[in-house]
Amino acid sequence: MSDQISIIAPDDWHVHLRDGEMLNQVVAHTARRFQRAIVMPNLRPPVTTVAAAQAYRDRIQAACPADLEFTPLMTAYLTDSIAPAELETGFREGVFAAAKLYPANATTNSAAGVTDLLQIDPVLETMARIGMPLLIHGEVTDPEIDIFDREAAFIERHLEPLRERHPELKVVLEHITTEQAVQYVSSADRHLAATITPHHLHINRNAMFAGGLRSDFYCLPVAKRECHRQALRRAATSGDPSFFLGTDTAPHERSSKESACGCAGIFNAPFALESYAQVFDQEGALEHFEAFTSLNGPAFYKLPANTHRITLQRRDHLVPELVNGLVPFHAGEILSWAVANAPDQVQL
């Protein structure tokens, strides 16, 4: 059993870096572990123009410590009225790496999202033509659909018809949580991929209610039954190039998590890579770890893999209860892998 693994420097294909003071608090945690990151556009107001994306990218780079090599990859927030020309300009100028589809009111800051997929077909046609990936929060918002069934319903009702209408469109089904999503992506062609978070590999829905209401485990999509968690673990560790790393790290102040109407999101950036490594180790699949963290994502986005390497060591360490005042995923738990030469708690 190896006590050390070396991998090509990884990327994170789904992050929420927030803005303002929260951006200053969290960006270095992503930048210390990942060389590139796909940055979600659900700010207030959302990032819907090239100029807004450029300005947000500038703020991210200004907040990132100068000694870290980190490239934020910006995304456009799709609305019912967004212009195809705006997306094409941003993509061709290298400002937009992808566009994000939020069904209206599906998750945090998604009120301005798309209400009717047919209405944005001209946008999707443009994206397919220029090779711009579509990133999807794949849940229906129909209140009659149980929250635990909303991902499976989205695939059947919306994703499959969308892909039939736009067969050449590159699509990432983000933060998948169900066995149905695993099966759908596994059986699809090269134009469809999926990201998987560390928390959905570690917890099932029981975690939210263990001994009380555990708001730190509340995220969207919500964690599902144990059978779905096991399907995700098999997919992530399989070596299938359709699946790659996307943490969906989503920090919130404690007052926003612990309230009568708490926010969805798990802040996992500080120890995400170590969290993934533990899963691959437990599944006896460390030989596929580098592909999931460092190769499959760049291949899908048609970007070169990073050139330098990082090393992880088998070393038990305690995850702190708080990091910069925020509760990290695995708070108070012991992880069995650590990035070499990195302190157990990054001081920023």
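Backbone N, Cα and C atoms are what each Cβ position is placed from, and that goes for glycine too.
Sequence annotations record features per position, and here Swiss-Prot assigns active site to Asp248. Feature annotation from Swiss-Prot assigns Zn(2+) 1 binding site to His14, His16, Lys100, Asp248. Among the features that Swiss-Prot reports, substrate binding site is placed at His16, Leu17, Arg18, Asn42, His137, Leu220, His252, Ala264. Here Swiss-Prot flags Lys100, His137, His175 as Zn(2+) 2 binding site, drawing on sequence analysis. According to Swiss-Prot, the N6-carboxylysine annotation covers Lys100, on the basis of sequence analysis.
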His137 (substrate binding site) to His175 (Zn(2+) 2 binding site) - Cα separation in whole Å: 8
Those recorded positions, out of Asn42, His175, Leu220, Asp248, His252, Ala264, that come within 10 angstroms of His14 (Zn(2+) 1 binding site) at the Cα: His175, Asp248
Site of maximum Cβ density within 10 Å, from binding-site residues His16, Arg18: His16
Pairwise CA distance, Asn42 (substrate binding site) versus His16 (Zn(2+) 1 binding site), rounded so that it is a whole Å: 8
Alpha-carbon distance [Asp248 (active site); Arg18 (substrate binding site)] in Å: 12
Neighbourhood of Asp248 (active site) by C-beta distance under 8 A, where only residues 6 or more apart in the same chain count: His14, Val15, His16, Glu174, His175, Thr195, Thr197, His199, Cys219, Gly265, Ile266, Asn268
Integer Cα-Cα distance in angstrom, His252 (substrate binding site) to Lys100 (Zn(2+) 1 binding site): 21
Number of other Cβ atoms within 10 Å of the Cβ of His252 (substrate binding site) across all protein chains: 24
Lys100 (Zn(2+) 1 binding site) and Leu17 (substrate binding site), Cα-Cα, nearest whole angstrom: 15
Extra residues within 8 Å (Cβ to Cβ centroid of Lys100, His137, His175), Zn(2+) 2: His14, Met40, Leu101, Tyr102, Thr107, Leu135, Ile136, Gly138, Glu174, Asp248
Euclidean distance between Cα atoms of Lys100 (Zn(2+) 1 binding site) and Leu220 (substrate binding site), Å: 15
Environment of His14, His16, Lys100, Asp248, the listed Zn(2+) 1 site - residues of the same chain whose CB lies within 8 A of the CB centroid: Val15, Ile38, Val39, Met40, Leu135, Glu174, His175, Gly246, Ala250
Among Leu17, Leu220, Ala264, which are binding-site residues, the residue with the most C-beta atoms within 10 angstroms of its C-beta: Leu17
